[in-house]
Amino acid sequence: MNPLILATLLLGLGLGTTITFASSHWLLAWMGLEMNTLAIIPLMAQHHHPRAVEATTKYFLTQATAAAMLLFASTTNAWLTGQWDIQHMTHPLPLTMITIALALKIGLAPLHSWLPEVLQGLDLTTGLILSTWQKLAPFALLLQIHPANSTILLSLGIISTLVGGWGGLNQTQLRKILAYSSIAHLGWMILVLQYAPSLTFLTLITYFIMTFSTFLVFKLNKSTNINSLATSWAKAPALTSLTPLLLLSLGGLPPLTGFMPKWLILQELTKQDLAPIATLAALTALLSLYFYLRLSYAMTLTMSPNNLIGTTPWRLQSSQLTLPLAISTTATLLLLPLTPAMIALLTI
């Protein structure tokens, strides 16, 4: 892609998100979300492949539906209450509709079925943008409206953690596994949204760091399915030995960074007398942990199948910058000791 066009599209992505962040009026927020969608579509369809075009079409239709629903809900709110302000969402009907529209935008279960299919059709770089940056604007709106209906949020959260764990069990494609991982993490964030919004934000940032590392590892190895991971030991042995730790951090095992948000969320849910939901969420984390272990096993403990069907790919030196990967890997593995500082920041 032409560097000027790429720069324009990335500027559009940044501008759309910034407009949504800065807006207090529903029409401006909607405009920011639309700019976001329209800026990423050429990035998704840049490889002229039927799979990429199909993924782009699915993404466009889903996001257009969610945006139309959001516009309809905000108009209904203005009709019922006379308010266009994001902070003044008081009527339960538009509030519920907007919560569902934003859930569809970010891919929360049971409105998730587009996310694995879309991510599977993209290259890893665009997939990374879709899994991280594209979640920021809808989350900014969710944090602002403070949805009053706790049942909807808790239901969306628990169903997402369950679907995110269950859906990834039978997958062999890495991008689909990362999509289900994304759904499960979003479920954890939504569970605690109404009780501790700052904790949701911390979980989102931690998820971004861990996902960034994982996508960059797969991009460095040029891996898109589990079998192709088996050749990574010959390409980057040091990285191959660290990758299981990255995946276990995504799964939320101590003493890695991924344990911090899960620990704090379970603690907060227990404080709110929601021990059964906290228990169920902790059990669904085991499902996710299984497929992370499966990836770790395929990467470090299996040899590449060198038969006629699965020939070893030609090994060239990667031109990818390794500094971002080194920084994000360090952050993914070693931030747990900062938990007391994070708790202090959350309580300010």
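Even glycines carry a Cβ here, placed using N, Cα and C.
Looking at 19-37, 133-151, 152-170, the range annotated in TrEMBL as transmembrane segment turns out to be 152-170. Against the transmembrane segment (323-346), stretch 201-221 has more CB pairs under 8 A than any other of 92-115, 152-170, 177-195, 201-221, 233-254. Of the two recorded stretches, the transmembrane segment (177-195) does not lie close to the transmembrane segment (60-80), with fewer than three CB pairs under 8 Å once pairs fewer than 6 apart in sequence are set aside. For the transmembrane segment (152-170), the partner stretch with the highest count of Cβ pairs under 8 angstroms, out of 92-115, 233-254, 274-293, is 274-293. Comparison of 60-80, 201-221, 274-293 by number of C-beta pairs under 8 angstroms to the transmembrane segment (92-115) places 60-80 first. With a cut-off of 8 Å between Cβ atoms, the residues of this chain six or more beyond the transmembrane segment (201-221) that come close are 124-125, 127-128, 131-132, 135-136, 139, 143, 174, 178, 181-182, 185, 188-189, 192, 228-229, 231-232, 235-236, 239, 243, 246-247, 249-250, 257-258, 260-261, 264-265, 318, 320, 322, 324-325, 328-329, 331-332, 335, 342, 346.
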